[in-house]
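> Below are the structure tokens for one structure; questions will follow.
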Amino acid sequence: MGDEARHLLAPALILLGLVSLIFAAVPELDLIVSRFFWEPAAGFEFKEDSFLIAFRDTNRFLPWVVIGTAVALLIPSPFLRHLKYPPAPHKLLFAITFLAAGPGLGVHLIKMLVGRARPRALEEFGGSAFFTPPWQLTDQCVRNCSFISGEAASAFALLTLVVFIRPKYSTLYLGAVGIVAAAFSFNRVVFGAHFLSDVMIAWNLMFVLAVLLWQWFSRSAPQIDALFTRHSRRT
């Protein structure tokens with residue numbers, strides 16, 4: 001991302017709009033994809049797979065590792081003086097803010113507002129709720145709803161850590177981590193916990209948020225880093 005963030009906002013918004021329009025125009029895509037992983041007798045049987053459960057739990061644990069590490073690195077400590085390449089405070093604050101505002105607060109506000117039922121709760125898959133397209137406000141779910149996917153949002157957060165990677169390795173990082181993040185996200189579709197649109201729109205919303213936040217943090221980097229440097233010297 002880095003200095004190119006200001007050029008990414010328009011493409012990010014266009015991509016978000018395009019993906020949203022596709023699923024609004026052809027909402028059946030969600031049901032078609034989810035049916036691949038559902039059997040009338042067994043339901044979404046992959047949700048019982050021990051490997052996939054462990055894979056899901058890893059994705060749930062990683063954001064706390066990132067936040068804990070970032071907070072620890074922001075606290076002045078003699079240990080930090082021995083780091084050859086200490087991470088810049090503005091980058092650490094960016095990572096914390098993104099996880100709090102996106103996968104944290106933002107996702108849960110959208111879930112409460114939209115109220116979309118999860119695939120496994122639908123009549124089509126043995127439940128009692130009605131299917132609704134993404135972005136349609138409904139009362140089919142009261143809490144912990146389907147749209148958007150919080151775990152897809154937190155998986156996308158791994159890509160934002162590219163700000164800590166040297167530019168010459170950034171493409172390699174995004175490619176390798178992108179595959180893992182996509183697998184984390186699609187795993188929720190396999191479980192019947194989310195629709196494909198929940199995942200894809202979550203990624204696109206997080207992309208827009210990441211660009212907006214990084215624009216501010218990168219512009220404010222000198223002031224933020226200077227503030228933490230002064231505080232570190234006093235301690």
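Glycine residues also receive a Cβ, built from the backbone N, Cα and C atoms like all the rest.
Straight from TrEMBL, here's the annotation block:
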- 61-80: transmembrane segment (TRANSMEM)
- 91-214: domain 'Phosphatidic acid phosphatase type 2/haloperoxidase' (DOMAIN)
- 92-110: transmembrane segment (TRANSMEM)
- 147-165: transmembrane segment (TRANSMEM)
- 172-193: transmembrane segment (TRANSMEM)
- 199-217: transmembrane segment (TRANSMEM)
> For the transmembrane segment (92-110), give me same-chain residues lying six or more residues beyond its boundaries with a C-beta closer than 8 angstroms to one of its C-beta atoms, as numbers and ranges.
63, 66-67, 70-71, 73-74, 147-150, 153-154, 156-157, 160-161, 163, 202, 205-206, 209-210, 213-214, 217, 224
> Could you pull out which residues elsewhere in the chain have a CB under 8 Å from any CB of the transmembrane segment (61-80), counting only those six or more residues past its ends?
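Contacts with the transmembrane segment (61-80): 86-87, 89, 92-93, 95-96, 99-100, 103, 154, 157-158, 161, 228, 231-232, 235.
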> Let me know the model's mean pLDDT on the domain 'Phosphatidic acid phosphatase type 2/haloperoxidase' (91-214).
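Across the residues of the domain 'Phosphatidic acid phosphatase type 2/haloperoxidase' (91-214) the model's pLDDT averages 97 on the 0 to 100 scale.
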> Excluding the flanking five residues on each side, which residues at least 6 beyond the ends of the transmembrane segment (199-217) place their CB within less than 8 Å of a CB in that stretch?
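Those are 1, 5-6, 8-9, 12-13, 15-16, 19-20, 23, 90-91, 93-94, 97-98, 101-103, 106-107, 110, 134-135, 147-150, 152-153, 156-157, 159-160, 163, 185-186, 188-189, 224, in sequence order.
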> When you scan the chain for residues with a C-beta under 8 Å from the transmembrane segment (172-193), skipping those not six or more beyond its ends, what do you find?
33-34, 37-38, 43-44, 46-47, 52, 55-56, 58-59, 118-120, 125, 146, 149, 151-152, 155-156, 158-159, 161-162, 165, 199, 202-203
